[in-house]
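K.L.:
Feature list, courtesy of Swiss-Prot:
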BINDING   Gln11, Glu69, Ser138, Gly142, Thr143, Gly144, Asn204, Asn226  GTP binding site
BINDING   Glu69  Mg(2+) binding site
COMPBIAS  432-448  compositional bias 'Acidic residues'
REGION    425-448  region 'Disordered'
Amino acid sequence: MREIVYLQTGQCGNQIGAAFWQTISGEHGLDGSGVYNGSSDLQLERMNVYFNEASGNKYVPRAVLVDLEPGTMDAVRAGPFGQLFRPDNFVFGQSGAGNNWAKGHYTEGAELVDQVVDVVRREAEGCDCLQGFQITHSLGGGTGAGMGTLLISKIREEFPDRMMATFSVMPSPKVSDTVVEPYNATLSVHQLVEHSDETFCIDNEALYDICMRTLKLSNPSYGDLNHLVSAVMSGVTTCLRFPGQLNSDLRKLAVNMVPFPRLHFFMVGFAPLTSRGAHSFRAVSVPELTQQMFDPKNMMAASDFRNGRYLTCSAIFRGKVSMKEVEDQMRNIQSKNQTYFVEWIPNNIQTALCSIPPRGLKMSSTFIGNSTSIQELFKRVGDQFTAMFRRKAFLHWYTGEGMDEMEFTEAESNMNDLVSEYQQYQDASISEGEEEYLEEEEPLEHEE
């Protein structure tokens with residue numbers, strides 16, 4: 001069986017993680033203490049992708065919860081699913097990282113990281129066939145960003161051939177939680193480019209927009225946002241956990257989605273999203289799912305794919321869906337929106353089907369897109385970074401923890417490189433390549 005070890009770091013990561021385990025437990029028929037009381041054998045069949053079986057029909061998440069301060073952990077423990085987790089898997093410090101990436105990556109976090117890696121190692125040893133790691137964290141803070149990326153590189157060293165998928169909450173364009181967000185995010189992206197296999201970019205502002213525009217919530221809470229994220233996270237791994245006609249897993253996803261190793265930052269979406277009162281007024285069908293799934297308003301990252309082009313994308317359908325209908329819809333989308341897909345990757349939509357829908361829905365779909373427009377997100381953070389770094393504002397907090405200014409410069413140029421790589425592939429077309437071939441072939445004619 002293909003197991004996944006799940007890490008949640010920092011406040012944001014732990015809160016999303018808590019919502020995710022709530023979703024997953026519901027899908028597999030587990031109650032708040034991990035006891036199975038579901039109705040279908042299918043729920044049990046691949047329970048061990050995310051859960052270890054303990055004695056007495058109790059299932060324990062293969063999750064490692066990490067934070068540099070005990071607050072969030074206590075909140076998770078006191079939450080509705082707090083009794084689910086194994087107590088040894090809570091690893092926390094006392095000092096906190098104080099939104100300082102250097103503290104999370106070099107000082108406070110580095111002291112705690114070996115403890116975390118021990119727990120990860122123990123979880124990995126209990127697996128038959130480890131598929132990879134999933135990490136939830138934010139890139140704007142200290143622990144999730146600094147220590148999260150440190151963990152990723154440590155795990156990379158130890159398990160070089162396993163998939164590393166991260167769900168990273170990017171800083172929002174308008175809403176900022178901390179002033180030093182651009183620093184933390186740029187330093188984190190610098191790490192993710194090198195060490196992660198697939199990074200799903202999520203952004204609070206886009207989530208707020210979805211909650212307000214589509215779900216018609218007047219003042220959405222973080223709980224509502226995390227619920228949206230957990231729907232996508234559950235969708236990405238649904239093929240591992242339930243049978244389907246066309247399977248996908250983290251590795252297949254990466255192979256189909258990442259045309260060039262550095263360009264592994266994805267936009268995600270989920271359908272159907274309807275406001276609570278409007279459920280009874282619409283029937284969900286494949287065309288409707290497809291339409292909503294490819295709607296820019298539905299993307300959970302604040303960049304508009306109409307400003308770029310899709311290199312690749314993946315659609316994961318759940319429920320009783322006809323294969324043919326899905327393929328027709330996908331072909332339809334590609335032919336209607338040709339300008340939004342690069343023409344040098346002919347069939348760039350990967351589809352997967354899973355026969356079991358999420359709770360309370362007849363069918364649903366998860367969308368993952370690798371679009372060049374994600375560069376907007378990095379550009380925005382990069383501009384804010386440059387503005388502050390030019391004046392060396394707040395830098396003493398980082399150098400005081402032993403960081404060097406060089407590291408900032410490197411991170412900045414790495415992010416700028418990433419942006420220009422995306423731009424280069426956005427502008428690339430088939431014809432450029434053909435002209436070169438023609439030039440090479442021409443001399444042959446004269447030789448005859």
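Any Cβ shown, glycine's included, is placed from N, Cα and C.
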K.L.:
Give the helix, strand or coil assignment DSSP yields for Ser138 (GTP binding site).
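P.N.:
Strand, per DSSP.
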K.L.:
Which whole number of Å gives the largest C-alpha distance between any two of Gln11, Glu69, Ser138, Gly142, Thr143, Gly144, Asn204, Asn226, the residues noted as binding GTP?
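P.N.:
The two farthest binding residues have Cα atoms 23 Å apart.
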K.L.:
Within 10 Å of each Cβ, count the other Cβ atoms, then let me know which of the binding-site residues Gly142, Gly144 comes out lowest.
P.N.:
Gly142
K.L.:
A 10 Å Cβ contact count, applied to the binding-site residues Ser138, Thr143, Asn226: which residue has the minimum?
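P.N.:
Looking at the binding-site residues Ser138, Thr143, Asn226, the Cβ with the fewest others within 10 Å is that of Asn226.
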K.L.:
For Gln11 (GTP binding site), just count the other CB atoms lying within 10 A of its CB, please.
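P.N.:
Around Gln11 (GTP binding site), other Cβ atoms within 10 Å: 23.
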K.L.:
For Glu69 (GTP binding site), which residues in the same chain are close in space, meaning a Cβ under 8 Å from its Cβ, but six or more apart along the sequence?
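P.N.:
Within the chain, Glu69 (GTP binding site) has Cβ neighbours under 8 Å at Phe92, Gly93, Gln94, Ser95, Gly96, Ala97, Thr143.
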K.L.:
For Asn204 (GTP binding site), just count the other CB atoms lying within 10 A of its CB, please.
P.N.:
24
K.L.:
Give the helix, strand or coil assignment DSSP yields for Asn204 (GTP binding site).
P.N.:
helix
K.L.:
Check Thr143 (GTP binding site) against DSSP and tell me helix, strand or coil, would you?
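P.N.:
In the DSSP reduction, Thr143 (GTP binding site) maps to helix.
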